[in-house]
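Heads up: the structure comes next, in structure tokens.
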Amino acid sequence: MSSDKLEVYTKGTKAWFKDAQEGYIVATMVEKTIQDKKLIMKFTIDSTNKEEKFEQLISKLEANNYDDLPPLKNPPRLEGADDLTNLSYLHEAAVLHSVRIRYLQEIIYTYSGLVLIAMNPFRRMNIYTAEIMRQYAGRPRHELEPHLFAIAEEAYRKMINEKVNQSIIVSGESGAGKTQSAKYVMRYFATVDELSASRAGSATDIANSSTSIEDAVLSTNPIMEAFGNSKTTRNDNSSRFGKYIEILFEKKPQDPTSVTIVGARIRTYLLERSRLTFQPDSERNYHIFYQLCAAAPAAERAELGIGSWDTFFYLNQGKTGTVNGVDDAEEFAITQKGMSVVGISVSTQWDIFKICAALLHIGNIKITDSRGAAQIDENDHALGMASKLLGVDPAEFRKWLIKKQITTRSEKIISDANTYQAITSRDSIAKYIYSLLFDWIVKIVNTKLDSSQTSKDGRFIGVLDIYGFEHFQKNSFEQFCINYANEKLQQEFTRHVFKLEQEEYVAEQISWSFIDFSDNQPCIDMIENKLGILDLLDEESRLPSGADDSLITKLYQRFGTAEHKFFEKPRFGQKEFVIKHYALDVNYQIEGFIEKNKDTVSEEQLKMLNESSFEFLKEVIYIEPEPEKASPQPPRGRAGGNKKPTLGSIFKNSLIKLMDTLRQTNPHYIRCIKPNQAKVAFEFEAHNVLGQLVACGVLETIKISRAGYPSKQTFSEFASRYYFLVPSSQWKTDPKLLTENIVKTVIKGENKYELGLRKVFFRAGQLAYLEKVRSEKFTAIVTFIQKCSIRTLRQKQYKKMKKSATLIQTAYRGFAARKLYKSMQQEAAAIKIQTCIRGALARKKYKAIRSSTRKIQQAWRRYVHKREFFKNRGEKSALRIQKVWRGYKARKWYKKEIRKIVLVQSLYRRKIAIREFKALKIEARSVGKLKETNYKLESKVFELSQSLDAKKKENVEMSKHLASLEEQLASLREKYQKMETDSKAKGSGAQEETAELRKQLAAAVESRDTLVKETEKLHGMIRKRDDSINHLQTEVANSQAEIKRMKEDLKNAPKQEDTATVNALKKEVASLREQMGRLVAGKYRTDRITEKFLNNDYAAANPLPTPAPVHTSAAARMSMSFFESAAQVTARVAESLGRSTEALAPEPKRKVQEIVIEDDTEQKERPIRMLEARELEDEVIDSLITNLRIPLPSTQTVATRKEIFFPAHLIGYLLSELLEHKMIDRMRDLLNHIMRAIQQLTMKFEDDYVSAFWLSNNYELMSVIKTARLRLPRPSLPNQDDEQSASAVLQTVHVDLKKVMLEIYHGWIKEFKKRLANMIVPAVIENQSLPGYICKQSGGIWSQWAAKSAATSQFSIDQLLNFLSKLSKTMRCYYMEESMSRQILTELLRVIGVSAFNHLLMRKNFCTWKRGVQIQYNVSRLEEWCTGHGIAEATLHLQQLMQAAKLLTLNKTSASDIEMIFDVCFLLNPTQIKKLLSLYYAADFDSPLSTELLKIVSNRAAVNEKLDSLLLDLDSSPEFIYPEPRNVKHIEKFIPAWIDLPYIQAVLSASYGSGSAVEASPPQ
């Protein structure tokens, strides 16, 4: 056993030694020896290099189980752990050091098991914003950094999931931050429902979404603080009472899985009454009095007699009337607002302030001494004001202040009171009234907050804000009650911790023995049991002669024996007693115990107050009697003599009730620590903190944990970190088996570890031992690798040098031989070179002379020929240029004129063709105008027949005319022959006549040729018409046969059609409509020249006769029968599908012979009646908007623009028709209904396709309306200045459409945020795509191959990119305006970047360098996607996350590295860099950051920390930029084949028939 305990103490081991200033300091062991059964260990203090020696007998160490050894220091990996129970060595020094490290890193929250330790930073920190709340909402406690929001979230979720009431106990000494922590917890509960319902909700929305109940709950804080808090030397806002707030929740009717706040209840404990009448130096009375003095209006100030605070005795004793950084006037307004929120009227508020003012005046009543009796001047101003405000008789008030009445059996004796008794009586009245006023306020607040909505099965979360353990130089009755309450709470806390510890052992099914812990029940029994301290105090308080001296004597007699170990009598003095509390021994002064315990007023004073004329005062001091079973004693304020309840008994009963409530709930603990007494930000006083850790029970929790198995890890975590401590032959894929092999191999001895079902448990120190073995193994491995590496390098270096020497020698010898050979070669070559050179020089000279002569001759000849050549070429070029230029000018003028002529002809012909094409297209689609089409068809046939007859007649006439012309020609020839014979005689006159005759002859021949060509053309047209009619007859016959077959199929079909039959019938209907459209279009597909000839020339020459019954041809009758049959089949198909046949039913059949041409007036009125029809509006709302089957995006077929935008264009066309007919009111109503329908449809956000489709159509409709407004014909409207004009209506509609577009955009973005909330963190932060950098906290080889146990995230980066790609494709398929789609995608990328960055800042034990590499890769994938989709600007929103990932991968070992981090991460503010570095988790051969480097970062961050925000604002999205509406060239009158819009089709047909359909002109 000795070796097991001492073997960890080796050279270099670090241990802790006590220090007077730092609490504990660390030292390094340099030597260990055992001499004469005595252990001697020498240490060197790290900070001072002083030597520290430890000597102890082995026998004594064994007797104490080696607990006297210096406490060991934890490995660097465990220092600063966010949960103290994770420390391997659990003792005071380790706990204090871990808390100190985290606090100096400005991390104020630390877990200690189920306890949250909260260090007061004494500085405002930006860690309580709505963004921080959103990060903790819905997340497990262990996932993020320690925070009181994590405790609140855990309590909230347990209440919902386990259906058990919860309580959060916030304790600590004054100034530790209890009140502020409780306020933040309550604020979290008030907003958690909105935070969990929508992670994407904006902070502004969350702040504005709280209900009146939630506002009222939060408003209780300023009220309770004003009346129950004051400034003390330790805290500027110290709570002078304890309170327990139960926040009541109920299930939401619409969502049973969530709850909402429906009310609250407040209980208060032990208000410090003595503060009202006395305050020590530099302390204040309750805040409300100073607020009233500072902020009361002039009228109320005069009425209440209020002046400056220093004029009142109850306020000026502490000589401090203000608090730094606090404006009492502003606080008074907040208090009034809070009282209004909870339902206290303004008049009642001023009644409360009236009582407060009266109490201040009571304190100013001067009591003097007159021969041993108290005396008050009858004209005392303070007495008059107090009596006036309280509504009592001044004389009666004065009397019972300086008189006292003693009641005997036979009479009542009134005697004078001395000065001390009168002052005590005065102060007692003030304290009595104020305490009852405080209770009344709490009662009213509870009445307002405890809603009637609360049901029996409703749940609550209680927040207990209670004073911590107190130990002053002088401790009185208040400290006794406070410490008694803390004894009870500590007992409950210890039992709960013990219970949880044992429950975990049972759940893991490990072998364990009962853990013994120090139970403070005997101390509690000594205080509260029968004949205990409180019982003796009450007994002495009820005696008329009861005194403090008598009480202390009874306490000595009752508890001053040896059997009472928790009570101690001091050696000197008879005015004190000592109670040994769980935290420390407290010395109490008995003076004032009896008076403070009584704290009542006389019966005469109470009667005087009950007879007051101030009704509100009577209401305040009235106390309802309690049931006898609840309290056998009569309530305060009623007659009962010595049976009045004392403060001690009241506090005891309320504390017992509180304990009963807490036992029925699941408790959560927040222990607030005050790090220094000077209230300096981030200054750490070790002894002060250590005392509070003891007082709040944290160290007691550590002791309980040490008694069992404090260190625990899951099998996978343990195996991934320590797998290499055993040979690879023992590695198993099952982490439990691998863990078992590791612990059996490394840990020797019994009862040092236990294997559970999911975890491995270790005794204290074993995890540190494993870390030490791991470090030694690493050191050995690294040393071996270094040794082998150095040897290999030296061998390589030797071989390289040997090879180099050989190469040098070989090279030198070769160089010398080559040099000799070269010298000999050069000598022989020199002679030969001389010979060659001399010959070469002679030849060269000769050739040069000959060449020069030839060049001179050539140059002269070339010059002569060139001069002659250029002269000839110049003359020819001039002639050619002149010819080409003249031809070019002529051709240019000719082509220009030709182009102009052709352009004019083309434009005119295109205009005619477009007009005819659109008219024919409209008529071709019109099913409602079939009869009119048939009529026109028959008219055309009739006209063709008439035209044929006319042409025949004309041909006969032309033939006759031709014969006459031939006769004329023959006569002219005869004349010509005669004239030719006489030509010589007649001379020049005859020649002129001959020329004229020739011209006439040429004209006649040309006219004849033209008539022949026209006749042939007419014959061809007639043949073409006959062929067309024959073709139509064939098609009609085929269609009738098909319709007949369909009728038979319908008759034989079963009544209940299946889906396939229904779809087939729908396709048949669509095909019939297409055939009908083709037939109608075929009837009117004519040659443009013929159409022009028939419609213009022939119609002008042969006008139609008066309207009469028209006989139709056989082909027309067949066509009509086909249309009627098709309409009947369509109606039957619709009826079989269960639809109304009203829209599909054909018009009543009538014979073609009865068709007549409509009257012009009727044709003009019919479109107006159609536009006014209610059915048209219903069809637009229902069929075109609400029930529209939106075309879905497809990879095979892409919808055209007109197939996507046809709703907007059809609506725009209807608006143009309404404008054309000046139906302004109808247009306004229709547009309002359309926008309302679009808004109702899109706000559901059931499908992205709906949102994208209507967002695009909304923009298109806005563009159509803007274009219509710009092209509005000004003269067509009567009053252009009227607000009801078309322009004003269109402008209003344009603005409303922009609002609808904005709502769709923001609603859609909010919906995307909800969907991305659960995807962003797994995909961007947790997803590990790079196989070489897989990390699972510790990482390691085992985590990569052991059954591939590395946890994969729920979503991957590929899934996120697929989501974005699908959205981008959807917007492209619906032709969304580019700027809108860019804004949507950019905003989503911003949400991804901000959410991922914020989560990274809050994630604990997560920020490793490998994780940084993975995040960099994921962000680069997002950036590539942005670049590939043309939104490179969106990558700017990912830069903070990218730089945070870079920060994790950068080196962090020196101050220069820190400077580089700040340079590289320039987009991150110093606060964010500090947070990331404080979260950095050292893993995989990495070392944690030193305290010195963190201090450098903290100093840089402290400069602008108040202005810097920790988290990025998820709500600061850029404003939506409305896209500029485009100019629509023309409105598409397109209706897809898969939609049935008969009324809109009728409007289109009627408008075309009446000639009112006007195409939009091209833009100017």
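Note: Cβ is positioned from N, Cα and C throughout, glycine not excepted.
Residues annotated as ATP binding site in TrEMBL: GLY172, GLU173, SER174, GLY175, ALA176, GLY177, LYS178, THR179.
As annotated by TrEMBL, coiled coil applies to 948-982 (among others). On the 0 to 100 pLDDT scale, the model's mean across the coiled coil (948-982) is 78.
The coiled coil annotation in TrEMBL covers 1029-1075 (among others).
Look at TrEMBL and you will find 79-775 tagged as domain 'Myosin motor'.
If you look up TrEMBL, you'll see 1232-1505 marked as domain 'Dilute'.
TrEMBL lists 655-677 with the feature region 'Actin-binding'.
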Quiz item: Which residues of the same chain, at least 6 positions away in sequence, have a Cβ lying under 8 Å from the Cβ of THR179 (ATP binding site)?
Solution: GLU225, ASN229, ASN237, SER238, SER239, ASP465
Quiz item: Which residue, out of the binding-site residues GLY175, ALA176, shows the minimum number of other Cβ atoms inside 10 Å of its Cβ in this structure?
Solution: GLY175
Self-check item: Composition by DSSP (helix, strand, coil) of residues within the region 'Actin-binding' (655-677)
Solution: 9 helix, 8 strand, 6 coil
Practice problem: Within the same chain, and leaving aside GLY172, GLU173, SER174, GLY175, ALA176, GLY177, LYS178, THR179, name every residue whose CB is within 8 angstroms of the centroid of the CB atoms belonging to the recorded ATP site, in sequence order. | Solution: ASN120, ARG234, ASN235, SER238, SER239, GLY468, CYS672, LYS674
Quiz prompt | Under 8 Å by Cβ from LYS178 (ATP binding site), counting only residues of that chain that are 6 or more apart | solution = VAL170, SER171, GLY172, SER239, ASP465, ILE466, TYR467, GLY468, CYS672
